[in-house]
Amino acid sequence: MSELVVALDFKDAQSAIEMAEKVRGVAPWVKVGLELFCAEGPEIITRFKEMGFKVFVDLKFFDIPNTVKGAVRSATRAGADMLSLHALGGERMAVAAREGRAEGAGGEAGPLLMAITILTSMDEDDIPFPVPNGLGSAVLDLALASSQAGLDGVVCSGLEVEAIKEKCGKDFLALTPGIRPASVSDDQRRVVTPSQAVDRGSNFLVVGRPITGADDPAEAARRIVAEMNS
């Protein structure tokens, strides 16, 4: 069954925790991104874990292998349940991330490692270099390389999930941002609705502003979960 991840893209812990309280019991996951993590540090992960959430730490690691290894080790020890890293970092970086996870987990499974292919805010016009076979082909190549390097899945548009599952296997996880009910797209380009994402095989759906910007965030989250399960 697909799971809802609420993106808590706030500038401070108080705002994020207040929103988390509103969706607690509806969404099993929250996402901590760059702004919140840089403002509050690893302690914010602990706060959400104490509230009963699983935590996706979305820092999009992309550096030399040894640096990524250390970052993943630290994030694992901080309690992250899922981490993101760029597929463009290549096999050595992916292997280093797995090593960091193993060291940080102390014999436990550790967090899921999800590779970023192409950001869902981007389309072909945003890529600053030629993509000869198109954006979809590039996403598939990055997904396959991530699978072969032993990562758990990819962060990808819902438009690409079916092709990725076909190429990498159904056990290769897909986490889909750019989820917009009623086709509200704002600054996301490659978007799908909750039901479309689930139908195409997404394992995790990341939703931010349609929930956090709603007059009643809990009800907005419930509607999305209902659509996911319909």
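Using N, Cα and C of the backbone, Cβ positions are placed for all residues, glycine too.
Quantities reported herein were computed from a predicted structural model and do not represent experimental measurements.
The active site, proton donor feature in Swiss-Prot is assigned to LYS60; the stated evidence is sequence analysis. If you draw a 10 Å sphere around the CB of LYS60 (active site, proton donor), it holds 17 other CB atoms from the protein chains shown.
Summarising the annotation, Swiss-Prot assigns substrate binding site to ASP9, LYS31, 58-67, THR120, ARG180, GLN188, 208-209 and lists sequence analysis as the type of evidence. In the three-state DSSP classification, LEU59 (substrate binding site) falls within a strand.
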